[in-house]
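According to Swiss-Prot, the features are:
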type    : residues                              : note
BINDING : 14, 15, 16, 17, 18, 19, 126, 181, 370 : FAD binding site
BINDING : 273-287                               : NAD(+) binding site
């Protein structure tokens, strides 16, 4: 027998990285929000790698922060180490990566959620949605509680019909031996959603006291203070190193001899695994010419001896895992504390979503995170933030927010999912972004703070600091463009000392900065600014001047693309009425139902000829008959 448990503007199912961002965003925007999760002790839990950031993913964390999300602030308070990656490469691929104290990360984020006005956190398992006339009206829990809501966001991670697999051992479970969500998965199928079966995995954890670190290579954090959040002013300087070692020929021999016992190769696993995070069995089989593979030993926190063995994700049986660990230099006498495992779970086919992450089948229902077919905490958090924003906008009667591919990696991620779909766990890569020179780590605030402020997630105080930073950047660029540096002896000496060609004539300071060997600090020595500028402002001035030509080229590409994005396609267009479309294109267009010509052009199976035909119909006003007429 059910009972009425309350009414809310937004209900979030799940409290992982997607759920936390969704719940916090909705509540901070003024929506009365309820977060329901199976286990309150597992809020913001990191079931796999104890880290945040990395290539592309680190930029997503910066974008989350620029929009007013929480992940960046939280990892800045709880990391044990932070490093800037790809510093020897161009600014487009630089990214921050933090090693997390996973327990502090959980504790801090749960505390933030508990202290947030408008936000209620409750332990309960959702089994069904309340759906009336094609609209989601609320949820029903295992205990019979009926909660009504204007909007619902599902962020169930890998819990949907989750199964843990090690060798020939297989049992129903969520990550880390949590209770799985079985009934909700079945209910989504009843509602007509297409689900797919995906797989991911995690490596064993070992006892730090039993590692011989003298046989490994130290991997320290950066000496320079780093932060994901643009608001962070206090930095953690007491960092803990990670350690690098390698598999051995003995490791590979042991794996080869036990492949028949791996769930990956015995046929036990049916789900599709992540291409960019393969198991150690996969690496040994697919790259059998490599004598060794990197293994990083990553502490899971400051107050635990557990160490995450990155690079050794596996579904081999427990006894093989133990023996395999002891073939690795430094781990000869190691004690395993937790076994690695593979986990299979249900995910929704993401082409069933609008770019707002609302489902097409059921109005007011949103999904975010691994349920949408992605992998990674950062991808989940970015989706959770956008789903929470849009669910709140709907509940408050405001216009929903869609980030374009030119705006953010989050925009690339969501557009890829809803337009192209994915047949494997999707991981964000810099190569997926065609405008990656515009989507940099350093300029996330310049790209997205206006959006965050407009929707109410950025405070006035922070917005004022942001506008002041923008003003300083423009003023310094103008100053350097107006100053002529003459070939004085001290100028020529500095240029010679850094390996440059001496000046023949006077040159604008901005033009001198464009030289590859010159930095802003060199220019500052020659023509110092009267105003004290932050490192962030100096960095922006240097990047914007040095890469001006390339940035301008990218902006021109964006403008051309926007012409296609601005050509809207009616939501209720009937593609069956456009007889000249190729049959594959017609089916794909019906499945995805793109909102613009730009989105239509990115659908696999829709070729330029189909786009031209569709364009004629749209531009001439010959809209195909509407299905419901």
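Glycine residues also receive a Cβ, built from the backbone N, Cα and C atoms like all the rest.
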Packing count at residue 126 (FAD binding site) (other Cβ atoms within 10 Å of its Cβ): 25
Between residue 126 (FAD binding site) and residue 279 (NAD(+) binding site), the C-alpha gap once rounded to whole angstrom: 32
Residues satisfying Cβ distance under 8 Å from residue 16 (FAD binding site), sequence separation of at least 6: 44, 45, 155, 157, 369, 380
Site extent for FAD, whole Å (max Cα pair distance, 14, 15, 16, 17, 18, 19, 126, 181, 370): 18
Reduced DSSP assignment, residue 126 (FAD binding site): strand
Binding-site residues: 275, 279 - member with fewest neighbouring CB atoms within 10 Å: 275
Alpha-carbon spacing, residue 18 (FAD binding site) to residue 279 (NAD(+) binding site), which is rounded to whole Å: 25
Cα separation, residue 14 (FAD binding site) to residue 279 (NAD(+) binding site) (Å, whole number): 27
Minimum Cα separation from residue 14 (FAD binding site), reported as the residue among binding-site residues 275, 281, 283 that achieves it: 275
Same-chain residues at least 6 apart in sequence whose Cβ lies under 8 Å from residue 285 (NAD(+) binding site): 259, 265
Residue among the binding-site residues 14, 18, 283 whose Cβ has the most other Cβ atoms within 10 Å: 18
Least buried by Cβ count (within 10 Å) of the binding-site residues 273, 287: 287
Distance [Cα-Cα, Å, rounded] between residue 287 (NAD(+) binding site) and residue 370 (FAD binding site): 28
Listed in sequence order, residues with CB under 8 A of residue 281 (NAD(+) binding site) and six or more positions away: 255, 259, 262, 264, 265, 314, 315, 316
For the binding-site residues 277, 370, the one whose C-beta sees the most other C-beta atoms within 10 angstroms: 370
In three-state DSSP terms, the structure that residue 277 (NAD(+) binding site) belongs to: coil
Candidate nearest residue 370 (FAD binding site) in space, where candidates are the binding-site residues 273, 275, 277 and distance is Cα-Cα: 273
